[in-house]
Amino acid sequence: MIVHPIDYRYGTPEMKRIWSEDSKIKRMVRVEMALLRALAKKGYLSEEEAKEAKKKAYSVTPERVKEIEAEIKHDIMALVKAITEATGCRWVHFGATSNDIIDTATALQLRDSLKILEVKIKRLAKVLADKALEYKDVVCLGRTHGQAALPTTYGFRFALWAAEVARHYIRLQQMKDRLLVGQMSGAVGTQAAFGKDGFEIEEEVMRLLNLKPALISSQIIPRDSYCEYLEFLANLAATLEKIALNFRLLQRAEVGELMEKFEAKQVGSSTMPHKRNPIDCENVCGLARVVRGFVEPQHQSAILWEERDLTNSSAERITLVESTVLADHILTKMIKVVSSVSLNLENIRRNLEMQRGLNLSEAVMIEMTKRGVGRQEAHEILRQAAMRAYENNSSLLDELLKDERVMKYFKEDELREILKPENYLGTARERVERVVRWVNEVLK
């Protein structure tokens, strides 16, 4: 019986395959076989025995493991018994503890997951950077506190998001060495069962798996690395939600500047035929909150008794799997949304013009200061003019033209030029181009 939405609604097939039960067991078998090969290299068993065991070990099924676990109440020992049953090899699991297998197999899953996330983060950063260049001269209304602010450009907005996503790409690279480690260190981390062979056996196992050995561990690898990973996913999810949220704000009927793609046969509402709801962005916002919610239980799972207890185990079966699958889901969704987004240039211009020049009050204030008026005095003159414009439902220009304190410094045509949004963009264009160059360099 399927009860979890990840099974039937959320997540990509490629990521769900990595975290499936069958995949987990196959990776744990792979770790056990790497241990046998390392033991063979040290002479505990013959190379031939290790090779023969490997041929048969992958016939172990989740169903058989569950049958044994139902009887003995221990999942890893059930796996060990199933492998021993399939291979006939008496050296299976020699010197190892359960989490030597679990944590090392998890590192393999995380490595494969990071490969997928890395490609998609790169893709999203590139799409955002391309949009930034495409829209670098599309002047729009900037908003702070939800209210009209200075003009900006859509290219600037997309460049801001592109830079943020590119920083996540950098963080992912930096995290790999700390996260992608395995262990073969025994019950309390001392490698006692291996004697003086411990370092060499562990290093050989990790070489075969293309992992690095943990510098030190108890019965388990310290969970600070898992905490860092979930914090990374939470941080990524926050960025994705921020982009999606702003897309939703800009799609509101009274704004109408931007629109996520709406398919020809797509239905927006079961009762309102006209609706074109931003469901992809809403989906991202909802699931991003779930991803961030896994950070706290993972932090709690890092706090264990002495050499370890089992309180982390049940939680991590959920936190690692669901956070990874859902983060990949919303990342995939945002690539789709950003790639196909469209701008309504008419509405963008309309929203600028609706401000009647009030959002350019700073531009006039700055120019007045340059022409000899004290900055604070100029601020008050412009504030008073703006308040009159609100009260009279007039334009800022109308009020300024009637104010002698202003007009002794300006001609009318000068004010008109100052109050053109495209004339007050500072280094917006250059900053967009700088960001795009940097993003492309990061993603090389």
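Glycine is no exception: its Cβ is also placed from the backbone N, Cα and C atoms.
Taken from Swiss-Prot, the feature active site, proton donor/acceptor covers His145 (among others). Counting only same-chain residues at least 6 apart in sequence, none has a Cβ under 8 Å from the Cβ of His145 (active site, proton donor/acceptor). When secondary structure is read from DSSP and collapsed to three states, His145 (active site, proton donor/acceptor) falls in the coil class.
Taking Cβ-Cβ distances under 8 Å and a sequence separation of 6 or more, the neighbours of Ser269 (active site, proton donor/acceptor) in its chain are Lys275, Asn277. According to DSSP, Ser269 (active site, proton donor/acceptor) sits in a coil region rather than a helix or strand. Annotation comment: Swiss-Prot describes Ser269 (among others) as active site, proton donor/acceptor, evidence class similarity to another entry.
If you look up Swiss-Prot, you'll see 9-10, 73-75, 97-98, Gln219, Ser270, 275-277, Asn283, 314-318 marked as N(6)-(1,2-dicarboxyethyl)-AMP binding site. DSSP classifies Glu316 (N(6)-(1,2-dicarboxyethyl)-AMP binding site) as helix under the three-state reduction. Counting Cβ atoms from all protein chains shown, Glu316 (N(6)-(1,2-dicarboxyethyl)-AMP binding site) has 21 others lying within 10 Å of its own Cβ.
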**Asked** Out of Arg9, His74, Lys275, which of the binding-site residues is least crowded by other Cβ atoms within 10 Å?
**Response** Arg9
**Complete:** According to DSSP, Lys275 (N(6)-(1,2-dicarboxyethyl)-AMP binding site) sits in coil
**Request:** Could you check the binding-site residues Ser98, Asn283 and say which one's CB has the most other CB atoms within 10 Å?
**Result:** Ser98
